[in-house]
Amino acid sequence: MAAPKVAVVGAGVIGLSTALCIAETCPSCSVTVLSDQFSPNTTSDAAAGMLIPHSCPGTAIHVQKQWFKETFTYLFSISNSAEASEAGIHLIFGWQVYKNTPDETPPFWSDVVLGFRPMSEAELQKFPHHRSGQAFTTLKCDCPLYLLWLEKRLKAAGAQLYTKKVADLWELHHEYDIIVNCAGIGAHQLVGDEKLFPVRGQVLKVHAPWVKNFIRDGDGSTYIYPGIHSVTLGGTREKDCWSLSPDPGTSKDIFDRCCSLEPSLRGAQVIKVKVGLRPSRQCVRLEKEVLSQGEVKLPVVHNYGHGAGGFSLHWGTAIVAARLVGECIAALQSSSSRAKL
């Protein structure tokens, strides 16, 4: 059969990384990314891009750890290369602090990040309202830079990128052999996934170059993440809220909470406010499906529903999705061979 044509729907961090992984591991196929939004207008552009996993209750811990480890290893290699600044990836040290001692000690990802340890008494003096904490070095992506870098890598690998709103996967079956659904929150409507729901996140980007270390309240509701050009202050976790409009009251609340963790932020200038809808469900949907209309079959690989963990897990899940696409290609080639006999 001719070179299989693969369409990846979605151009956030999951879509672009999955498309790149397919292009690199299945060089016999042609890859096209289709999305109604590309950077800087994706949900991923609003993400903080910190590699600190959020536990996904419906996915086995050892699987989450594997995805995170593969993602960390991949991004660490980029951070250790000449492409680090263009890709927007850098190592960052900081603290995760708790008002109460956490039940889970240490977290499942503690031996993947670098130098994970309990905070010293001297360090805890910086946080008088917190009783315990953890110190470690992890990775941060400056999301718009990373998305543009992924797009550049995709084009270099021969992939095509087109702006197109896909309302139904079947509209693609005349032109493509395999569809990869990385539509994020858009999968709620695209494939009617009622298990998928938005968790609204609002963040501030501020100019505070003196802040060098990340600080994260242990429950994940308040965080300070320094990037290359700005510091991200967050955040919110509003389940089932679809609003993309920034709320001024929420911005003030975020700023005040972050200033209580890092008082020097009182002198920071707010550059912009960003809102994104995290595509959340009990577990990441990462599987093959064959859609049927009469005798017509359409192989689909789903990779969406990462919630707040998109950046922490993206390369690990892209590897699995690319392997599933490889299985779909093998099945198509097998059926093509049988048809010729």
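Cβ atoms here come from the backbone N, Cα and C positions, even for glycine.
Source: prediction; values computed, not measured.
Straight from TrEMBL, the features:
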- THR43, SER44, VAL166: FAD binding site (BINDING)
- TYR223, ARG278: D-dopa binding site (BINDING)
- 5-323: domain 'FAD dependent oxidoreductase' (DOMAIN)
- 1-19: signal peptide (SIGNAL)
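Sequence-distant contacts of the signal peptide (1-19) (same chain, six or more residues past either end, CB-CB distance under 8 Å): 26, 28-35, 37-39, 42-44, 47, 141, 143, 146-147, 150-151, 154, 159, 161, 166, 169, 172, 175-184, 186, 190, 303-304, 306, 310-311, 314-315, 317-318, 321-322, 325, 329, 332-333, 336. Take the CB of VAL166 (FAD binding site) and look out to 10 A: across all protein chains shown you find 19 other CB atoms. Cβ environment of THR43 (FAD binding site): GLY12, GLY184, ILE185, GLY276, LEU277, ARG278, PRO279 lie under 8 Å away, each six or more residues apart in the same chain.
Max Cα-Cα distance over the annotated FAD binders (THR43, SER44, VAL166) is 19 Å.
Taking the C-alpha positions, the distance from VAL166 (FAD binding site) to TYR223 (D-dopa binding site) comes to 35 Å. A Cα-Cα distance of 17 Å separates SER44 (FAD binding site) from TYR223 (D-dopa binding site). There are 23 other CB atoms within 10 A of the CB of TYR223 (D-dopa binding site), with all protein chains counted. Looking just at the domain 'FAD dependent oxidoreductase' (5-323), the mean pLDDT is 95. Remark: of the binding-site residues SER44, ARG278, the most isolated position is ARG278 (fewest other Cβ atoms within 10 Å of its Cβ).
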